[in-house]
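**Q** Annotation source TrEMBL lists domain 'NADH:quinone oxidoreductase/Mrp antiporter transmembrane' at A:130-417. Annotated transmembrane segment per TrEMBL: A:6-25, A:34-52, A:72-98, A:110-127, A:133-153, A:165-187, A:207-231, A:277-297, A:302-319, A:331-353, A:374-393, A:454-474 (among others), in sequence order.
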Amino acid sequence: MTNMINLLLFPIILPFLFAILLLFFKENIFMQRLLAFIGLTVSLVAALFLVAKVKTDGIQVITLGSWPAPFGISMVSDMLSALLVTTTLLITLLVVVYSFTSIGKERERYFYYPAILFMITGVNGAFTTGDIFNMFVFFEVLLIASYVLIVLGGEKQQLRESIKYILVNVISSALFVITIAYLYSVVGTLNMADISVKIAQVGQPGIITVIAVLMLIVFGIKGSMFPLYFWLPGSYAAPPVPVLALFGALLTKVGVYAIMRTYTLFFINDIGFTHEILLVLSILTVIGGCIGALAYFDVKQIIIYNIVIAIGVILFGVAQMNEAGISGGIFYLIHDMLIKGALFLLIGIIIYVTGTSNLRKMGGLMKTHAPLGWMYLIAAFGLAGVPPLSGFIGKLLIVKGAFEAGTILGSIIILASSLVVLLSVIRIFIYAFWGAPTAELPVTNHRSYRKMMIPAVLLVILSVLYGVGTEWLIPYMADATDVLLQPSIYIDAVLKE
Amino acid sequence: MELIMAIVIGILFMAAVYLILSRSILKIIIGTGLLSHGAHLLILTMGGLGGIAPPVLADGVTDYADPLPQALILTAIVISFGVTAFILVLAYRTYAEHKTDNMNLMRGNDEHD
């Protein structure tokens, strides 16, 4: 199959193509739904083929226009990016199915599905690119689509919060451009593999460490890391639930991926300083997220602060720079994408059937909506990391890596944070599902309730399989970890002589 | 030459930060405009201001300006142009709905709208 070298572009190009097609059928909601569904399914199949291809043949690299590696734009798909691309498409497909019932015709008629597909183009591109400026461009692609999604509908709260969201992201994008300018003036190249080689040649002088910290600030804003997560709780509470699920599952993770990539490929010659900062900030992120998750009686806010906690846990794993820590980080990253998608869809249904997101006004849903309750309970245990479920293995490996590296206090904080996570999500369960039923539930359509349950239940099942099938996933994760731990594999694949 | 550019860019960033920290939405948007001007000038400067000829292939040209930063700037300009257009329209809509351009009056969450 020599003619399939373009396979790694398919998960980027296919959503883009279908997004353009959708622009022509603005008023035809049926076509919108059909084409969005087909586009995402085809992209998902391509992504699965890509994972198989990366597993058998190693890292896939394509240099656009056949210009040799440091001069053209390289697209690089190693196991980590292939797995992230697949997870992204899987979650998006299920969220789109959920949107059929929940988003409402008004939004569907105003470019809702094209905006999602454009955003996925940006997310997949950012996961796959091998060029730092191209990564900036893909960040902008996904951000501009996310601006549309966050404000679509034009409610008062959405307008107010979008202004803040866009301002924060405009500033962080300007910082990204500035950082790239500094990096270019030091190393004189934009290709990520080549940057890594050039940095190793000059042996990381002080200026490279400064650039490393600047990158941490840029991606820390995108990925909501302490003390840069101030924008996240307000902005994410504004859009409707399917959009929130997409944002919560995907957008912050692109920032985390960028930190993982740059901190394992570029800035590896002075890890005593840079990774120490990453370690301290990740622990503070976990603590900040825990405080927020316990402080609120609003179901959306509780899960939103759980995003912040998970970002801290993943980055804590990455900061260890040993095999257990990084592979734990990767396990936890993909687990967290799946489980956050599932949880947001489930609380979306809770909000739909109770008509409120305030916990104090809910109660007794177990009597009327038992399947919803059990699904929520499984997802909650999965999030906290109860052994047979998906969150366990990642956190286990992260803590193991931390003990190997000697960060005992940090690992204890991570373990304690699991309890806080469990407490925060179980609180939703107790308030919403136990107790006496609230006097009157709003009249809801039972058919649309069932239709919304299907994608949510599928996501929960997927996350359970992810936990149960850990053994089967280990070879894939080992491949992903090897590339992160040994940048030479990545560099050799891109700059092959 | 690079030193003068560095100082000018520094002043641009200073003005941008000052404007972004103000209360009125329009001033904030002017601030983001200055911020992107500063960032674009910084790419140009950081690429080095050497080279006599523009990067166009012609007979006898050997010393030309680095073409790569110019391409990067062109990309960054159109992106920030698109985002600025969007944010201006958004500010207009927000003003129409909220009847204020004062960021301090745009607080609130789900419970207190």
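Cβ from N, Cα, C; glycine included.
Whatever TrEMBL says is automated annotation, not expert-curated.
Note that the structure is a prediction, hence the values are computed from the model and not measured.
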**Q** How about long-range neighbours of the transmembrane segment (A:133-153): same chain, 6 or more residues beyond its ends, C-beta under 8 Å?
**A** 73, 106-107, 110-112, 115-116, 118-119, 121-123, 125-126, 159, 161-162, 165-166, 169, 173, 176-177, 180, 190, 192, 222, 235, 238-240, 243, 246-247, 251, 254, 258
**Q** What stretch, picked from A:6-25, A:72-98, A:374-393, has the most CB pairs under 8 A with the transmembrane segment (A:110-127)?
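**A** Ranked by Cβ pairs under 8 Å, first place goes to A:6-25.
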**Q** What residues elsewhere in the chain lie close to the transmembrane segment (A:331-353), defined as a C-beta under 8 angstroms and at least 6 residues from its ends?
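**A** 83-84, 87-88, 90-91, 94-95, 98, 102, 241-242, 244-245, 248-250, 253, 256-257, 260, 299-300, 303, 306-307, 310, 313-314, 317, 362, 365, 368-369, 372, 375-376, 379-380, 382-383, 390-391, 393-395, 397-398, 425, 428, 432, 441-442, 444, 448-449, 452-453, 455-456, 459-460, 462-463, 466-467, 470, 473, 477.
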**Q** Hey, would you say the transmembrane segment (A:207-231) packs against the transmembrane segment (A:302-319), going by three or more CB pairs under 8 A that are 6+ residues apart?
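**A** By the criterion, they touch.
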